[in-house]
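Features reported for this protein in TrEMBL:
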type	residues	note
DOMAIN	4-334	domain 'Ammonium transporter AmtB-like'
TRANSMEM	6-22	transmembrane segment
TRANSMEM	34-54	transmembrane segment
TRANSMEM	89-106	transmembrane segment
TRANSMEM	155-176	transmembrane segment
TRANSMEM	182-203	transmembrane segment
TRANSMEM	237-257	transmembrane segment
TRANSMEM	277-294	transmembrane segment
TRANSMEM	306-334	transmembrane segment
Amino acid sequence: HAAFQDVSHMVVFGFGFFLTFLRRYGFSSTGFNLLIVVLGVQCSMLIEGLLVLLLRKESDSVLERAAVSVTAVVISAGAVLGKANPVQLILMTVVEIIVFYISKWINNTFLQVPDSVSMMHVHLFGAYFGLALSSRFSEPTPRSEKNASTPKSDLLSVLGTLFLWVFWPSFNSILAEDKNKAIYDTYLALAVSAVTAFMLSVLTTKDGKFRMTHIRSAVLAGGVTVGSAAYSIEYPWIAMILGLLASVTAILGSYCLQRCFSPVLKIHDTSGVHFTFGLPAVLGALAQVVLLVIRNWTNLTRVDYLVLFHVGAYCQTISVAVVTGFITGLILNFRLFKTTPVSKYFDDQFYWEVSF
């Protein structure tokens, strides 16, 4: 299936290289990413099969749903990149996949959110699960040389960004009823967010040069935002505006979060999943609600019903992600799982045979 191949390339190649920006953590970024992807897909398929047995309900596109759901785990892994060992990542994968499906089931059953829409909550769930998880890991030393990038590692990371950018329309459309519309809207949002990222990168730096960290995060923000709001977008220009707002949110959010949010809450978000995936997903959630109100404004009773249920679904997703992520972080730091010493953070040599 072509769409499944695209999504598979996206999570394996795209995220695998996207996370290689650390100077001495390339083997681990790509290798552990493959490990959690294949494990997560297997867990998802087992859960899908269990739901079919328990609910007596036929489920199509099982493999496609599994590939989409594992994106949440990959995003969460980015928040603890370089700090969690393979055993911790395996346990995190199993727990997060199970909890994500529970959250999705609550949205489907009690809040009447369509299954294809609730699957697109992966960015929201993955980002905030990962941030809560990261809060339980020790912060790296302020001037750690390994917690930095090189031109070569940045180049590999941008290669991953390009893979994600190219395949994101397939990701947003794989479970959609109107696939062509979802593809067009996603591509337009990605295109506008890319242009905006380059413009804002120049305008927000003192020397007027492009910053690779801006390009890596902000060019994908439009795809994340449209993924949450795709089913309420009626015109292409709406997708383009969302792409613009998403890119602005990602770049300005990176400044605000690094200076205000992270120091206060003591959360070290290694790969910036909060402003790359979390904030654009929140923007998409707000856009979804606003577009629903505009579309149904003549029927106030229906508007109240739709807003209540959609806001409830987003709040439920974030709440479950934060609470379970925090608890999972506490569990992963038990001595049983041999927590990585801070001095060994971001270092391939602790896990791989490496010759420098």
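Cβ atoms here come from the backbone N, Cα and C positions, even for glycine.
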Selected stretch (most C-beta pairs under 8 A with the transmembrane segment (155-176)) from 6-22, 34-54, 89-106, 277-294: 6-22
Winner by Cβ pairs under 8 Å against the transmembrane segment (306-334), considering only 34-54, 89-106, 182-203, 237-257, 277-294: 89-106
Model confidence over the domain 'Ammonium transporter AmtB-like' (4-334) (mean pLDDT, whole number): 89
Segment proximity, the transmembrane segment (89-106) to the transmembrane segment (182-203), 3 or more C-beta pairs under 8 Å: no
Considering the transmembrane segment (237-257), which listed stretch of 6-22, 89-106, 277-294 counts the most C-beta pairs under 8 Å: 277-294
